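**Student:** Mind having a look at this structure? Questions to follow.
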Amino acid sequence: MTVNKIAAEPYAEEGKTMNELMPKLETMYLHLHKNPELSFHENQTSQLMSQTLNKLGFEVTDHYGGYGVVAVFKNGKGPTVMIRTDMDALPVTEQTGLPYASTVTSTNEQGEKVGVMHACGHDLHMTSFIGTATMLMNKKDQWRGTLIMIAQPAEEYGAGAKAMLKAGLYKDFPIPDHIIGLHDHAGLPAGKVAIAPDYIMANVDSVDITVKGISGHGAYPSKTVDPVVLASRIVLALQTISSREISPLDPTVVTVGVINGGTKRNIIGNKVLLQLTVRSYKPDVREKLLSAIKRISIGIAKSVGLSDDLLPDVKVLTTETADAVFNDPSQTAKVKSFIEAAIGKGNVVHAEQSMVGEDVSQYALTKEQVPLTFFWLGAVNPKKYAESVKNGTELPSLHSSKFAPDYPLAIKTGVEAMTASAIGLFNSP
């Protein structure tokens, strides 16, 4: 993949107001929703981001760190503000029943045919991102400095931010003074924003455990060491890490998402694969979790007399991982005030800590230590949200095949909040 630098086109002015701009943004959202692309395959999506930003007057570099897009606009002397969106979709078959539902299919890593859907709302992120870029160009008489817009691939694998940084993001382009971004929220009404200083999203680690055994006939289990039984014991024992080894004041999650083993009902196989997602906040707690997973897995295998060569392989992956998202307190306090002024104080609420992860954290964890503010954007139709609260019913979550944001109101709020945040930071002392 060759990095491609595109000179800025003369800016063709879009709608000056949000009401004038909204029809184009809604059209873009529907296009993105109907045409999702999986992580590492965001070819058409990145082209749309690149071409749109170029037409807005940005100097654009595409195919950066994979399908990443970096757009720069210099508007005199002042701070450098970086705004980031993600682009990838998920291997989920959409079941919303909406007229614009995705019918796209693709092939996953296992060679299986899967549906593809923007079930995490990255289509909403991108549309708000383009709307923000447009409004900042329309209002460039209100700010001075350098604006960097980056469209990032492969967030769902925790790989895109690392790839763009490894490609030289802070060497090839101005180092930002501020980073801002947003993520839609499936439990917050559209029209509202949730924000807070300090940690708001967790560390994410992915662990594979290959449990080994001694195979044989299902009718003679005493002549075997059954890896299915061993794996079952390990799964149950892992649940005690959070409840008995970690302080209840430190939020943690150890979830076994995959158990895969065996070939036939009357055969005791020789291995079972467990795949885990592990969540934490503090570095020492993170290490304690990972250490305990290995200790418990190997300890249970030893307890049945397995030799060293048959002990479980416990592998902490370098993919599908992310570091906790930390909102710089000083910058976040400013951003909160800017958003309150833009959308109303009553529409800005406190963000609780979440155990989900986001690789946006990587941009703030380099030696440059750039302050980051990342906030939640409400995505649920307010009426449906009120009904769910009244009736005690669950709303479709992020990654659900039935997740359907109230996109017009969410986009409008996202653009207004992000535009106000950027202009405020450009003009902050």
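Here the Cβ of each residue, glycine as well, is placed from N, Cα and C on the backbone.
Heads up, TrEMBL stuff is auto-annotated, nobody curated it.
Feature list, courtesy of TrEMBL:
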- CYS120, HIS122, GLU156, HIS183, HIS399: Mn(2+) binding site (BINDING)
- 205-296: domain 'Peptidase M20 dimerisation' (DOMAIN)
**Student:** Determine how many residues of the domain 'Peptidase M20 dimerisation' (205-296) DSSP places in helix, in strand and in coil.
**Tutor:** 36 helix, 33 strand, 23 coil
**Student:** Setting CYS120, HIS122, GLU156, HIS183, HIS399 aside, what same-chain residues sit with their Cβ within 8 Å of the center of the Cβ atoms that define the Mn(2+) site, listed in sequence order?
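**Tutor:** Here the nearby residues are ASP86, ASP88, LEU90, HIS118, ALA119, GLY121, GLU155, LEU398.
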**Student:** I want to verify one value. Collapsing DSSP to three states, which class is CYS120 (Mn(2+) binding site)?
**Tutor:** coil
**Student:** Counting only other Cβ atoms and using a 10 Å cut-off, which of the binding-site residues CYS120, HIS122, GLU156, HIS183, HIS399 scores lowest?
**Tutor:** HIS399
**Student:** With DSSP assignments reduced to helix, strand and coil, which class does HIS183 (Mn(2+) binding site) get?
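**Tutor:** DSSP call for HIS183 (Mn(2+) binding site): strand.
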**Student:** For the domain 'Peptidase M20 dimerisation' (205-296), would you mind checking the mean pLDDT of the predicted model?
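**Tutor:** A mean pLDDT of 98 is what the predicted model shows over the domain 'Peptidase M20 dimerisation' (205-296).
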